[in-house]
Each structure stands twice: as structure tokens, then as C-alpha cells.
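Here is what TrEMBL says about this protein:
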- 17-131: domain 'Response regulatory' (DOMAIN)
- Asp71: 4-aspartylphosphate (MOD_RES)
Amino acid sequence: MYAKNFPCHRRDLRGNRVLVVEDEALVAMLIEDGLLDAGAQVIGPAGSVQEALQLIEQAASDGGLDAAVLDINLGGDTVSPVADRLAALQVPFVFATGYGKYCGRGVHSDAQVMTKPYDPDALVAVIKNLAPAGR
């Protein structure tokens with residue numbers, strides 16, 4: 001999804017804690033940079049399901065999370081256990097995928113999907129709509 005018409009949303013996520021789950025280092029850095037520029041506190045990035053679940057539990061005991069960006073495929077593993085845990089904690093999330101339209105989301109079929117590559121400002125806009133207004 002390209003959203004070149006979205007205005008720049010700098011500092012719009014101030015005070016929000018956003019988990020990033022992405023196994024490609026360059027993509028993770030781009031996501032992290034965009035979220036940091038928007039004022040978010042980035043948790044992660046996590047490159048595996050296990051690492052993401054550990055970060056979720058750590059964050060839950062330290063103020064929680066406001067939103068998450070989840071790469072659907074993590075080195076051949078599905079991100080479903082992470083999505084399940086976030087849903088149980090009522091943390092909103094957006095799926096990110098490089099495989100085009102993703103239809104296999106099952107119980108998380110209401111979650112938004114962004115297709116890579118996407119504009120960082122579009123991601124910030126999506127997270128802004130998911131996350132509560134600052135802490």
C-alpha cells in the first residue's frame with residue numbers, strides 16, 4: 001500500500017509504545033526510524049516469534065504496549081502466536097507483508113494489512129489510528 005497522499009505525521013505518536021516484529025534488519029530499521037521520528041517509543045524490533053513474545057511479556061510488566069507492527073512471515077514461521085497474545089492483551093496491531101494481499105489471517109481477519117513496500121508516513125498514520133492518544 002502506497003499512501004503518498006498522507007501528510008507527514010511527525011511527532012503524532014508521542015508517548016505511544018509500539019512493538020515492531022520484523023525479521024529483515026533493513027526493513028526493521030526503516031520502520032523503527034519512522035516510528036521514532038513520529039515520537040513513538042519503539043519496543044524491539046523482534047526478529048522471531050519467541051523474541052516478540054518475550055518483549056510482549058516484558059512490556060506488559062512495564063506499562064504495556066499501545067500498538068504493534070507485525071511482519072507476517074518471520075523466517076518461515078507465522079506471526080500468529082504473537083498476534084494471538086497481543087489480541088488477548090487487547091493491543092491493536094497491523095500486519096505487514098511482502099506477499100501481496102494476505103488472506104490467511106483466520107481469527108485476526110479484522111486486522112489491517114499493509115503490503116510492503118509502504119510509505120513510512122502511511123504506517124505512522126495507521127498506527128496513530130490504532131493507538132490511544134499518547135500517555
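Cβ from N, Cα, C; glycine included.
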- Note on the structure: CB contacts under 8 angstroms to Asp71 (4-aspartylphosphate), restricted to the same chain and 6+ apart in sequence, sorted by sequence, are Val21, Glu22, Asp23, Glu24, Val27, Val79, Ala96, Thr97
- Helix, strand and coil totals (DSSP H, G, I; E, B; other) for the domain 'Response regulatory' (17-131): 48 helix, 29 strand, 38 coil
- Task: Tell me, roughly as an integer, the mean pLDDT over the domain 'Response regulatory' (17-131).
- Result: 90
